[in-house]
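*Asks:* The structure's right below; bear with me while I get my questions together.
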């Protein structure tokens with residue numbers, strides 16, 4: 001496209017961007033005007049359709065202007081990135097926009113309780129293994145005056161912002177071409193580390209820590225690029241060190257994984273200085289000092305917490321058992337596959353929904369790694385050292401991934417996978433940009449052999465990946481999950497139930513619900529584990545006959561919709577759940593429309609006497 005044509009089209013791009021911002025603002029106002037009035041099984045289907053139309057239109061305009069615009073097309077391309085970034089923040093903050101009381105079950109509820117305890121002064125931050133998100137939540141709560149639950153949701157959005165900002169900045173540090181940052185920005189919008197399996201778009205210390213690690217990757221790339229001019233005591237070196245300190249506070253387990261990464265990079269640098277002292281890697285700033293710092297931080301922090309030593313012992317033992325007996329993660333996969341088949345799904349289907357975008361970027365990363373070896377491209381030669389480092393990081397994370405995978409019943413390998421996806425996002429962006437640049441540059445002799453219309457094709461490709469990836473970021477029946485939405489009514493029901501609880505009478509609920517809500521309401525220093533799940537014989541067999549002591553039985557609207565719709569009655573049927581009301585010696589003592597509490601008289605004959 002000629003420079004004259006580009007200047008003629010510039011006003012049209014500005015008008016399109018203005019429309020995009022206007023539509024995005026209207027979509028936010030629309031979603032805000034339709035707050036959740038009760039539990040919502042799916043954030044996607046419960047949000048007005050016009051909101052999604054507006055959001056997709058805004059993102060589409062951002063992608064079109066960013067990719068289709070020719071090189072040097074004024075200021076519209078950066079503005080397009082801003083439009084795309086704001087659209088992503090709206091998407092990530094949709095639970096806040098929709099007025100949710102809280103968003104997140106299981107660990108998220110426990111983190112909510114800890115954040116509340118720190119805010120109220122009943123717990124000190126350093127009593128926790130990883131007080132990062134809780135202390136930031138307290139800061140947001142004190143600054144904005146929002147509730148602790150809302151403040152924790154803001155912390156989740158903040159972690160997404162950090163990831164979406166520093167992934168393109170890291171790529172921009174490695175590749176000196178503004179278009180690379182454009183590709184990396186939209187690659188970051190895919191949120192590849194979030195898989196809804198041990199990596200969540202809700203309050204979850206490891207998830208936020210992994211997203212936060214994009215800042216560490218950016219500073220690492222900047223530090224390496226100084227070519228020996230920086231040192232651990234330089235401003236950049238200190239910034240990298242302080243970020244490492246923040247990372248250990250966010251989650252020490254992530255630091256254990258990053259130690260493996262830094263050791264791999266340090267080994268490559270050491271070998272390069274020995275074998276190829278005149279090469280690019282040999283001339284770059286070594287990371288020996290920061291590797292030692294990470295190891296020291298991890299050892300000092302974990303020395304006060306035996307939890308991590310026990311965890312490592314468990315996973316190493318599991319790895320040995322896998323080698324000797326062949327038991328481990330494969331059994332878990334088979335079990336999950338059987339469960340999916342029982343409700344009409346399959347592993348292939350769920351893999352496509354959850355991991356197709358990740359697969360595309362893994363393939364791009366592999367292509368880049370092989371391209372580094374054999375390509376004579378000037379672009380590839382410029383990015384070779386960083387490509388080598390981050391490829392080594394991926395290889396180094398392979399053994400921890402395998403060790404976690406072979407542990408029976410564990411999903412922690414997806415935590416390693418999430419960190420791997422940070423590096424894959426960066427490397428895949430470089431590979432995608434290399435392809436984009438080769439196809440779109442028209443000043444080289446082989447330009448006639450290139451694909452016509454490559455810019456629109458890239459825009460369409462990224463748009464499709466965005467839709468596919470973001471459709472699985474929030475749990476919903478689309479991925480055979482239920483939304484972890486916590487409504488006002490549900491939380492108030494648990495608060496009332498715990499407030500009126502009789503001493504020594506414990507709760508029974510589905511999928512560990514009472515324990516986690518006990519944490520959220522009471523801010524327990526140690527995770528609650530006294531409450532039970534339903535008996536093995538099932539709920540419909542008669543609750544009163546299956547206990548020696550009285551119990552409270554909790555049944556919520558979220559439980560009912562999750563079991564009957566999302567899980568399609570795999571474990572509990574609708575009729576079984578409804579039968580509780582009519583069971584003998586089971587009395588409903590509390591109900592508010594979404595929360596029902598029953599008192600199970602385990603020994604009625606003694607009560608009558």
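Just so it is clear, glycine is given a Cβ too, placed from its N, Cα and C backbone atoms.
What TrEMBL says about a protein is an automatic prediction, not a curated fact.
This is the feature table in TrEMBL:
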type     : residues : note
TRANSMEM : 49-67    : transmembrane segment
TRANSMEM : 79-97    : transmembrane segment
TRANSMEM : 152-175  : transmembrane segment
TRANSMEM : 182-200  : transmembrane segment
TRANSMEM : 231-249  : transmembrane segment
TRANSMEM : 255-272  : transmembrane segment
TRANSMEM : 292-312  : transmembrane segment
TRANSMEM : 350-375  : transmembrane segment
TRANSMEM : 387-407  : transmembrane segment
TRANSMEM : 413-436  : transmembrane segment
TRANSMEM : 457-478  : transmembrane segment
*Asks:* Find the member of 49-67, 79-97, 231-249, 387-407, 413-436 that has more C-beta pairs under 8 Å to the transmembrane segment (457-478) than any other listed stretch.
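*Replies:* The listed stretch sharing the most Cβ pairs with the transmembrane segment (457-478) is 49-67.
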*Asks:* Taking 3+ C-beta pairs under 8 angstroms (sequence gap of 6 or more) as contact, is the transmembrane segment (231-249) in contact with the transmembrane segment (255-272)?
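*Replies:* With 3 or more qualifying Cβ pairs, these stretches touch.
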*Asks:* So which residues does the transmembrane segment (79-97) touch in its own chain, when a touch means Cβ under 8 Å and the partner is 6 or more beyond its ends?
*Replies:* 13, 17, 20-21, 24, 27-28, 31-32, 43, 47, 55, 58-59, 61-66, 69, 103, 150, 153-154, 156-157, 160-161, 164-165, 168, 181-182, 185-186, 189, 201, 470, 473-474, 485
*Asks:* Can you tell me which parts of the same chain pack against the transmembrane segment (152-175), counting only residues 6+ beyond its ends and a CB-CB cutoff under 8 A?
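*Replies:* For the transmembrane segment (152-175), the list is 81, 85, 88-89, 92-93, 95-96, 100, 102-103, 108, 111-112, 115, 133, 136-137, 140, 144, 146, 181-185, 187-189, 191, 193, 201-203, 207-208, 211-212, 214-215, 217-218, 221-222, 225, 379, 382-383, 386-387, 422, 425-426, 429-430, 433.
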